[in-house]
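Found this in Swiss-Prot, in case it helps:
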type: REGION; residues: 1-52; note: region 'Disordered'
type: MOD_RES; residues: SER9; note: phosphoserine
type: COMPBIAS; residues: 9-28; note: compositional bias 'Low complexity'
type: MOD_RES; residues: SER15; note: phosphoserine
type: REGION; residues: 111-130; note: region 'Disordered'
type: MOD_RES; residues: SER117; note: phosphoserine
type: ZN_FING; residues: 199-249; note: zinc finger
type: ZN_FING; residues: 251-285; note: zinc finger
type: ZN_FING; residues: 309-365; note: zinc finger
type: REGION; residues: 361-386; note: region 'Disordered'
type: COMPBIAS; residues: 372-381; note: compositional bias 'Polar residues'
type: REGION; residues: 578-777; note: region 'Disordered'
type: COMPBIAS; residues: 593-606; note: compositional bias 'Basic residues'
type: COMPBIAS; residues: 684-693; note: compositional bias 'Low complexity'
type: COMPBIAS; residues: 737-747; note: compositional bias 'Basic and acidic residues'
type: COMPBIAS; residues: 757-767; note: compositional bias 'Acidic residues'
Amino acid sequence: MEEKRRKYSISSDNSDTTDSHATSTSASRCSKLPSSTKSGWPRQNEKKPSEVFRTDLITAMKIPDSYQLSPDDYYILADPWRQEWEKGVQVPAGAEAIPEPVVRILPPLEGPPAQASPSSTMLGEGSQPDWPGGSRYDLDEIDAYWLELINSELKEMERPELDELTLERVLEELETLCHQNMARAIETQEGLGIEYDEDVVCDVCRSPEGEDGNEMVFCDKCNVCVHQACYGILKVPTGSWLCRTCALGVQPKCLLCPKRGGALKPTRSGTKWVHVSCALWIPEVSIGCPEKMEPITKISHIPASRWALSCSLCKECTGTCIQCSMPSCVTAFHVTCAFDHGLEMRTILADNDEVKFKSFCQEHSDGGPRNEPTSEPTEPSQAGEDLEKVTLRKQRLQQLEEDFYELVEPAEVAERLDLAEALVDFIYQYWKLKRKANANQPLLTPKTDEVDNLAQQEQDVLYRRLKLFTHLRQDLERVRNLCYMVTRRERTKHAICKLQEQIFHLQMKLIEQDLCRGLSTSFPIDGTFFNSWLAQSVQITAENMAMSEWPLNNGHREDPAPGLLSEELLQDEETLLSFMRDPSLRPGDPARKARGRTRLPAKKKPPPPPPQDGPGSRTTPDKAPKKTWGQDAGSGKGGQGPPTRKPPRRTSSHLPSSPAAGDCPILATPESPPPLAPETPDEAASVAADSDVQVPGPAASPKPLGRLRPPRESKVTRRLPGARPDAGMGPPSAVAERPKVSLHFDTETDGYFSDGEMSDSDVEAEDGGVQRGPREAGAEEVVRMGVLAS
């Protein structure tokens, strides 16, 4: 040690210790100074460092890169070098502090296996067949000291010594036999004698009798007695049996009465418990599965009046009560209280296999009034008897545990293990002393396969129920989310419908305002046709277009107002709109006359065939002829249906004629500039014959021009203006030359609008209840002809 210290003092590079060790070396150097400098108190040179690290091992590992080594002489570190590794390797601070192991050489196990092999097949249930396999019991210090003592005595007696493995094996066999015999004693009359108690009754039906297939079963923990059918036991177990509450290790309180314990069954939720007897006697409660007598259902069906009843026996308002079956008696009591007080509880089996329950109070029970004074003294006595039974059971169990050694015979153990009986007796006496010192508790815990698996089954049931509740919770969460989304969707739909309704009412209001100002019903009020007309490049070229020069029906001449309106219509679109909404320019008598004359065709009389064919009298072969606006007005007034506005299909090279029975003027263009290229053969023919229009006589048949559509249901169709030549008119007057009017329709609509677009506004206008006079009708005809002329 001194040599190491001198080495540390010379060079610090080869030191094997840290700074803490260096302090001790410096102290040792100072100790070599003259004695005159030393103090009187002794220096602690023996103090050693608490930790020692060797750095020479790290230094020996490091070599320069230029050093020549073969690939087999070194290892390559894949991890990066850490700085804390430079600290070194920790070594023990003092070699004398290292504990030295103490070992013993055991003799070879040749003799005992050879002795036990012939009888190894004769071993019992709890013994191990092979010795070298080990034992469940491990020797402790007390066992080791006792083994030394017994070996010394055996040596004095010149007998073979006892080894540790044999001692462990014998103790394990004693514990196994004791556990088996004690379980058998508890289950039989020799142990407690409960099964043969004549006074015990079923906790559900209160019957002391059992029968084949419906045996009386006792719980091994709470000692409750039930019939198989009463508690829903499908198969009687061979070993011990525990009720539902004992299997789960709980002691719940009944939901319907204040009593704890007894034959309880869970509700559907599994969190509340109810006596089976309470479930049977309360009429609103039901049982889900009669075979298993669980779960208890329909607890919520119990009325509030029953929950409010107070028991006349226990004076508590807990749970629910039943009432006396006598018609004039309303005494209430709990079911379990009635059983404990010995009230009369009858179970009557009806003819239709229906069970009726009759319960009576103390007054109406058989012998109730006579036994009423003695009922109170018998209550403590009955409770005392029950307590005495329980106390007796506990005493017998305790006595059985104290006399555990009587359940094991040393000779049986010696025979099963093929050992000397005297040696087994020595171990047996030691086993009794050690177990007594352990408060009669077993030295070995029962095996896992020896534990009743009923509790595990109950745990599995609860686990499956928990999983079921988890899935149910998830399903309910999905349903909640779905309901929320459906509700949000319906709210959005409702808001959209309300918005559409508001838009509809606003449109109706605007339409009513327009109709009140005299807007024509044949004009598209919804604005579709009007907007399309304004979007076109309308070209109007006219020099002298006077309404006075137009031929009139039956030679009648119009008032000068229509002619003035026609001249104003040639200016521009804004003037057209202003005159359309001006109520001052309205003809009076002609429109009234036209309405009066249009009633004749409304009677559906077939007109005679036309005298001649012409371009203006062509009809579409697959379309029915339409009625004039005057017919619509007359029929609408007569209650045949609302007028339907259907604008005619116009082309750029043909102008319509006036209706047959009205006083509207006829537009004729004898001489016109070259028209546009016709789109259809019919239009080409109409253009060719446009300058030579023949007006038929009064008997001319209606032949509409252009695309006509059949009338819609429950509505009277309107005959378009210019659909056929004028009927009932005389020879036409001289007509002045008028230029050709070119009206360019939009290519998308082509001057045609569907029935849905036109008829909806008509229905809205009629629903508005706007009544138009005769002058308004005449003004509408003039405005319509003005639009056609433009």
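Cβ coordinates are placed from backbone N, Cα and C, and glycine is handled just like the others.
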On the 0 to 100 scale, where does the mean pLDDT of the zinc finger (309-365) fall?
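Its mean pLDDT is 86.
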Within the zinc finger (309-365), how many residues are helix, strand or coil going by DSSP?
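Breakdown, helix to coil: 6 helix, 14 strand, 37 coil.
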What does DSSP give as the helix, strand and coil breakdown of the zinc finger (199-249)?
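DSSP classes over the zinc finger (199-249) add up to 9 helix, 8 strand, 34 coil.
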Please list the DSSP helix, strand and coil residue counts for the zinc finger (251-285).
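In the zinc finger (251-285), the DSSP-based counts are 6 helix, 10 strand, 19 coil.
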